[in-house]
Amino acid sequence: MDNALYPVLFLDYLKHSLPIFNQTVARVPALLGITLSLTYLNYRGLHIVGFSAVMFAAFSLLPFLIMGILSIPKIRPSRWLLVDFKKVNWRGYFNSMLWNLNYWDKASTLAGEVEDPSKTFPKALLGGLVLVMSSYLIPLLAATGALGSSPSEWTDGYFAEVGMLIGGFWLKLWIQAAAAVSNLGLFEAEMSSDSFQLLGMSKIGMLPSVFAVRSTYGTPTVSILFSATGVIFLSWMSFQEIMEFLNFLYAVGMLLEVAAFITLRVKRPDLHRPYRVPLQTFWVAMICVPPSLLLILVMCLASWRTSMVSGVVILAGFVLYPALVHAKRRNWMLFDAEPPPSSSNGWQQQFSESKEVELVEEEKSLMQDNSKPDQQDLDLTWQS
């Protein structure tokens, strides 16, 4: 659902310069073309996705940095405090904030493809946090401080107009291109995490083994196609509609993650962890309280339509899971789960016992074959 946002947002930026993308006759083929071409790029391998994401990020952030520098002479700090709270769309505000700052947990689905994730991930997340906060604050402070635009003018893709007013037509085109490319990079990263999450679920037996099939490039082929199909079916919705549905379901999932995190800290404190948050359980729980309250707030602000549709999706999950379990028991579909690490001791014990029985049987056969064995042969047999 999240990945369906990016082709839509991509065209929302382009339509400011190319109004034809407002029309269905051009918009639908464009959405299909973007989705299929980016899906193929994802299929070709994670190294391509990672390299292209870095290049997309550099190209996307540079014009906003230039805009921030050019706006410095025009900035009036007093404009940052001009807010009419009566006209704020709080539902849209919290949904936009949550969507812009969420999904840090999705990086974990790629941990198995990263060397030394226990050291690499904390550094990457810290650097990503600084970069994300800067990339939001610098353009917003520059735009709101240098211009006296009405809040009603701030719609999807308005930063292109801000670039026009601050730097000129060349900066507007660059921002449009940068915003469009940024959405391509987000699409690639999201599809990678989605497809590898399906692969991981297949590895532990939660999904049929077909989701773990990899291409010659090491990417999960069926999982990528499954993700792309969902994107195409959701692309007919508007950006705001998809975002609200997405945030509601994401909030439910995150509350479950927080609950599982604290529960494992309490019940399984000695469980092996590739990375452990360096705080006691009480303080970890306290840190989880503010984001949990924010997630609950976003769910409470959702429209009745979002609540109803999300409720149906959640209920479908309650039906789908036991259905998959039943199919697994009946062997209707092939499930090929890898054995958990904890079963290795039991396997070793079973192997030792079977080997001992095999040696005893071999000893008996040797004694029966030799009708008059000498004492030396018997001693060697017993020693073996």
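Glycine too: its Cβ is placed from the backbone N, Cα and C atoms.
Curation plays no part in TrEMBL annotations; they are all automatic predictions.
What TrEMBL records for 362-375 is compositional bias 'Basic and acidic residues'.
The average pLDDT the prediction assigns to the domain 'Amino acid permease/ SLC12A' (108-301) is 86. Sequence annotations record features per position, and here TrEMBL assigns domain 'Amino acid permease/ SLC12A' to 108-301.
TrEMBL lists 362-384 with the feature region 'Disordered'.
For 20-41 (among others), the entry in TrEMBL reads transmembrane segment.
Residues annotated as transmembrane segment in TrEMBL: 48-72 (among others).
Summarising the annotation, TrEMBL assigns transmembrane segment to 124-146 (among others). Long-range Cβ contacts of the transmembrane segment (124-146) within its own chain (Cβ-Cβ under 8 Å, at least 6 residues beyond either end) map to 61, 64-65, 67-68, 71-72, 74-77, 79-80, 100-101, 104, 107, 159, 162, 166.
What TrEMBL lists as transmembrane segment is 158-175 (among others).
As annotated by TrEMBL, transmembrane segment applies to 220-239 (among others).
Long-range contacts of the transmembrane segment (245-262) within the same chain, counting only residues at least 6 positions beyond its ends with a Cβ under 8 Å from a Cβ of the stretch, are 1-2, 5, 95, 98-99, 102-103, 105, 237, 281, 284-285, 288, 291-292, 295-296, 298-299, 302, 306-307, 309-310, 313-314. Among the features that TrEMBL reports, transmembrane segment is placed at 245-262 (among others).
The transmembrane segment annotation in TrEMBL covers 282-304 (among others).
Here TrEMBL flags 310-327 (among others) as transmembrane segment.
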